[in-house]
């Protein structure tokens, strides 16, 4: 029948699947004009009354404010809120707001002074002289949001539309039972609404502007037609009454025949929709220079004696409005904010009116009926037939109860408009909308947690990348600041490397151990002492010019001293005296060193010509001969045997003697002798010891 009816109409309309026809109950409140409500003594203004983040506070406790003064700053999607009247800010604290759970949100609490003084208002009567961006910014800064129930910032919505909007739809359907706020506003302020529509059309520049209104509002239709009598830029479309024809997607399909895709928006098909109350607020913001500080609210239900529509200041407590309407609560009285299908019950009556509050319903017990017990689903599919969004509420119900979030998402639970049509027709009295709301809240919480985790991961990776960049920069700075070694340093490095290679080559040579021989480290010790002596020789800065006297050869002096000591001991033994203490080779070496030192001192004092350089190998041989003679002499005396001579210590003493001899050579100013090979020195020392033994034996034979 609807299709047959629309075929004869000049302006074609379409239909959507599903929908219901509940009792309208609109005549209780749409018969009386709009009226003002006395100011409440205290106002509670939540900072967040829209979709998006709350704005930044710009007032403090104790500040005096005027009506229309901004309480927060609007940046991006943050919509500012304004003072509903003049007064004093007494607190900025969390307060229960319009929410099913009465959640507390940060609010500005103002004590009214009763004067209701405005800020200085500056209207743009010639709005066409201003740019599109300036108009959008003014609408945003004056706090205009969608007053049809969504609360989306109007300025952001207009900015996002851009140049792709071809159809502007003004939603005047107001399909939910009991609510008549838009109906009464169109009856009393039709001209201002049309002017606001023209401002929106000037900003968007669409090809067509359509007003969709249900046929159950004859007075409002008459007023709009009277205002649009000579207008050709706006078309008024009257549609059949059907719930929920006021839904954005449903009204778009009715007026244009286009369906919004799943998960998409109406702007994806070139359509932008605004509510008639939003159009009126746009006119007051642009032309009159008045921020949104009040809105029309329907007060209805059998529990109020004076139902109707009132201008309610934002932040007015619900209790104050109901008392003005003659509220007579019963024992178990409920108050619903919104309509009976999409609204929610208020936990208490001190919550404030906000921008999305369009109705306060106070029904009697008989009016709402007794609560029904929830029963099991009988799979009758009545909910699927009534769903206007072409969903499967029965399946979504099972997925919601089973916490199957992935399947619920796959069945487009996000497209549910929560109209309540499925719950209305359910024979088992299952509150399907409550299950769907809870499921969508859980899915949103999961997505929010995943988003936070992704952001935290991105921050961590960015930090790691920054640390790597800083590390690379530090290394680059260190490399650029490194000083290249000088030529002499390079020579020293090359010499050190050569010494290391020589040591490694020496270490790789095989060590031959003869059978029956004892370990002898004299060669290694002699080599070490030779290297130390060579290093000390290189470090000498000023070699002495004086030379030694040939007659004062320290090695010869040491030999003579040792021979003298041996003869003295032999003379004592022959004289029949007590045996003398055995000769300690270490003491002998010390005495020889003292004698050599005295000899060197004598050489320096004489200042004679430099003597022939002392050969350390010869000195070692002579010292070995002296030690051999001394040992032979001790054996012949028949005294107690002395402490055996340690070959290692003897080698050390020989090395010390050679090192001192080389130092003496350098100090005398003579040409440096060829550096001694430690292996050759050790061999020479061994040969010297053998020769000393043979000489001692020969001397004994001669004496006998």
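Placement of Cβ uses the backbone N, Cα and C atoms for every residue, glycine included.
Because the structure is a prediction, the values reported are computed rather than measured.
As given in Swiss-Prot:
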- 368-397: domain '4Fe-4S ferredoxin-type 1' (DOMAIN)
- 377, 380, 383, 426: [4Fe-4S] cluster 1 binding site (BINDING)
- 387, 416, 419, 422: [4Fe-4S] cluster 2 binding site (BINDING)
- 407-436: domain '4Fe-4S ferredoxin-type 2' (DOMAIN)
- 536-685: region 'Disordered' (REGION)
- 556-565: compositional bias 'Low complexity' (COMPBIAS)
For 419, 426, listed as binding-site residues, tell me which one has the smallest number of other Cβ atoms within 10 Å. 426
Going by Cα-Cα distance, which of the binding-site residues (387, 416, 419) sits nearest to residue 426 ([4Fe-4S] cluster 1 binding site)? 387
Looking at the binding-site residues 377, 380, 387, 422, which sits with the largest number of other Cβ atoms within 10 Å of its Cβ? 422
Determine which residues of the same chain, besides 387, 416, 419, 422, have their CB within 8 A of the center of the CB atoms at the recorded [4Fe-4S] cluster 2 site, and list them by sequence. 18, 383, 386, 388, 389, 391, 393, 417, 418, 420, 421, 432, 433, 436
Find the one among the binding-site residues 377, 380, 383 whose C-alpha lies closest to that of residue 416 ([4Fe-4S] cluster 2 binding site). 383
Using CB atoms and a 10 A radius, I'd like the single residue among the binding-site residues 383, 416 with the highest neighbour count. 383
Among 377, 380, 383, which are recorded as binding-site residues, the nearest neighbour of residue 419 ([4Fe-4S] cluster 2 binding site) by Cα: 383
Near residue 422 ([4Fe-4S] cluster 2 binding site), which of the binding-site residues 377, 380, 383 can be found within 10 Å, Cα to Cα? 383
Excluding 377, 380, 383, 426, which residues of the same chain place their Cβ within 8 Å of the centroid of the Cβ atoms of the recorded [4Fe-4S] cluster 1 site? 378, 379, 381, 382, 393, 394, 397, 422, 425, 427, 428, 430, 432
What are the DSSP helix, strand and coil residue counts for the domain '4Fe-4S ferredoxin-type 2' (407-436)? 17 helix, 0 strand, 13 coil
Across the domain '4Fe-4S ferredoxin-type 1' (368-397), what does the pLDDT come to on average, as a whole number? 92
